[in-house]
Amino acid sequence: MERLPEYLYTPVQVQELDRRAIQDHGLPGLSLMERAGRRGWEVLLNHWPHVRRLRVLCGGGNNGGDGYVVARLARRAGLTVTVQALSDPDKLQGDAATVAKRYREEGGRIEAWNPAGLADEDVVVDALLGTGLDRPVEGRYLEALRAVKAAEVPVLAIDVPSGLNAATGAVMGEAVEAACTVTFIGLKPGLLTGAGPHCAGQLHFDDLGVPAEIYQGMKPVAALCREALRLQRLAPRQAHAHKGNFGHALVIGGDLGMGGAVRMAGEAAGRAGAGLVSLATRPAHVSAILAARPEIMAHGLEGPEGLVALLDRATAWALGPGLGQDPWGQALWDVAMQTDHPCVLDADALNLLARAPRPCPNAVLTPHPGEAARLLGVSTAEVQADRLDAARRLVERYQAVVVLKGAGSVIAAPDGGLRLATAGNPGMASGGMGDVLTGVVLGLLAQGIAPAEAAEIGVLVHARAADRAAEAGQRGLLAGDVLDALRAEVNP
Ligand SMILES: NC(=O)C1=CN([C@@H]2O[C@H](COP(=O)(O)OP(=O)(O)OC[C@H]3O[C@@H](n4cnc5c(N)ncnc54)[C@H](O)[C@@H]3O)[C@@H](O)[C@H]2O)[C@@H](O)CC1
Ligand SMILES: [K+]
């Protein structure tokens with residue numbers, strides 16, 4: 001992926017930035033639009049250097065205006081260009097009306113929307129709706145979005161894939177699934193989470209040359225996970241380091257039949273650099289774990305007795321992988337939740353927490369959308385409709401650092417900080433991936449990294465390792481493959 005700016009702004013904020021650039025800094029809106037269209041055209045040529053036939057679908061606002069600029073440049077370059085307007089082009093206003101006129105003055109024609117021949121185009125430019133989307137798509141727009149999808153033609157989306165809510169990453173009825181998107185002035189969070197990564201495809205950014213001052217005083221709604229933080233916190237070790245410097249990680253979980261989860265979390269904690277790793281699990285799992293991973297100290301527990309001593313020795317602990325919600329897991333939960341070392345709560349620990357909500361100021365919670373829904377008492381669809389807001393509400397309710405997993409993981413901290421991960425891939429949708437993330441975050445906590453930073457770095461390390469492991473293919477990627485790839489990511 002292209003290098004993207006660190007800070008994210010909502011569509012409404014981007015419209016305000018746009019206004020500042022034009023009104024406060026005297027940048028003509030028309031030159032911004034011309035530059036947006038030119039960047040669109042450049043990205044298009046870069047992706048599809050052999051394109052001959054182009055369909056440009058233009059909406060009735062300024063996003064459509066960007067489309068007319070692309071169309072004009074494509075005609076000049078000798079392409080066969082069909083422009084179709086979804087709203088009456090004679091009702092265009094301002095800069096959009098001007099660029100449509102320029103397009104016509106060079107001999108370009110504007111047709112009404114018509115799906116005929118769509119599948120024969122080399123590329124479709126989606127200039128229907130951008131940051132001005134304010135309601136679910138319906139009518140002609142809906143028909144067009146469906147026809148584009150059905151035609152299976154590659155799409156370049158201008159600014160935002162039409163129909164995607166760029167604030168939240170939710171689909172407003174129907175949305176374009178673009179091969180790539182070129183977005184302007186501010187990176188919008190909806191492009192990076194929920195349905196956003198799927199709809200946007202490869203993301204390109206251009207600030208349209210607006211001066212840095214316009215961003216001043218505008219508080220970003222979120223930011224990307226910091227690569228620089230990963231490099232800083234995972235700097236090379238000192239030559240005289242010993243294992244006591246890197247903490248003792250304890251993973252609690254693995255009820256009968258679920259020993260794999262706790263073992264993977266433990267291994268991940270070790271791969272993330274914890275000095276020592278202990279597991280507290282059902283006695284039935286101990287010998288298999290020791291045979292496979294003799295570096296780990298595996299303790300068999302029939303009940304909570306003995307857990308206090310293990311917790312006392314740990315620098316940080318994680319509860320949840322394979323824990324179950326039966327009396328065994330519940331009893332371990334009751335004991336562990338008395339201690340105040342930094343911890344990770346995952347899987348069934350989150351389900352137990354949802355049953356008896358309480359503040360967890362030392363914890364990192366790592367829910368997937370279903371667990372997040374239970375923690376908030378809402379549906380999974382409601383969580384996915386606005387993942388940033390769901391993460392924020394989880395922080396408020398549980399006073400913990402929260403990692404809301406799923407495409408575009410969101411990390412939310414009690415200080416109000418929101419971070420988004422751009423690394424990761426759909427190969428990660430397989431069993432055990434969450435256990436590995438739990439272990440990575442735990443391993444970082446054990447080394448003394450503060451919870452919010454451990455969550456941010458942990459998500460980055462985990463996703464980057466998954467991307468590395470997926471070089472051989474996403475389908476069939478196993479959590480164990482990600483485990484194997486972790487070491488390269490914690491030694492940057
Ligand atoms: N000078 C500027 O303002 C610039 C604007 N830019 C482009 O302009 C876009 C924003 O322009 P606008 O504010 O005009 O907004 P849009 O072009 O995104 O859309 C606004 C129009 O769409 C309608 N609309 C909203 N939701 C709809 C729906 N669900 N179905 C059908 N119609 C719907 C609105 O009523 C309005 O008429 C950006 O995304 C970007 O592409 C760029 O050209 C950069 C410069
Ligand atoms: K668009």
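Heads up, the Cβ atoms here are built off N, Cα and C, so glycines get one too.
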Residue in Gly377, Gly434, Gly439, Gly443 which TrEMBL records at the AMP site where Lys405, Gly406, Ala407, Gly408, Ser409 also bind: Gly434
Additional site residue, Asp95, Asp126, Asp134 [criterion: listed by TrEMBL with Asn63, Ser162 for K(+)]: Asp126
Neighbour tally for Tyr141 ((6S)-NADPHX binding site), based on other Cβ positions within 10 Å of its Cβ: 23
Close binding-site residues near Ser162 (K(+) binding site), where close means Cα within 10 Å, chosen from Asn62, Gly65, Thr131, Tyr141, Gly408, Gly434: Thr131, Tyr141
Rounded inter-Cα distance in Å - Asp126 (K(+) binding site), Ala407 (AMP binding site): 23
Among Asp126, Gly406, Ala407, Ser409, the binding-site residues whose C-beta sits under 6 Å from ligand 1: none
DSSP three-state assignment for Lys405 (AMP binding site): coil
Shell list (AMP; ref centroid = CB of Lys405, Gly406, Ala407, Gly408, Ser409, Gly434; cutoff 8 A): His368, Pro369, Leu404, Val410, Ala421, Gly424, Met428
For Ser162 (K(+) binding site): DSSP state (helix, strand, coil): coil
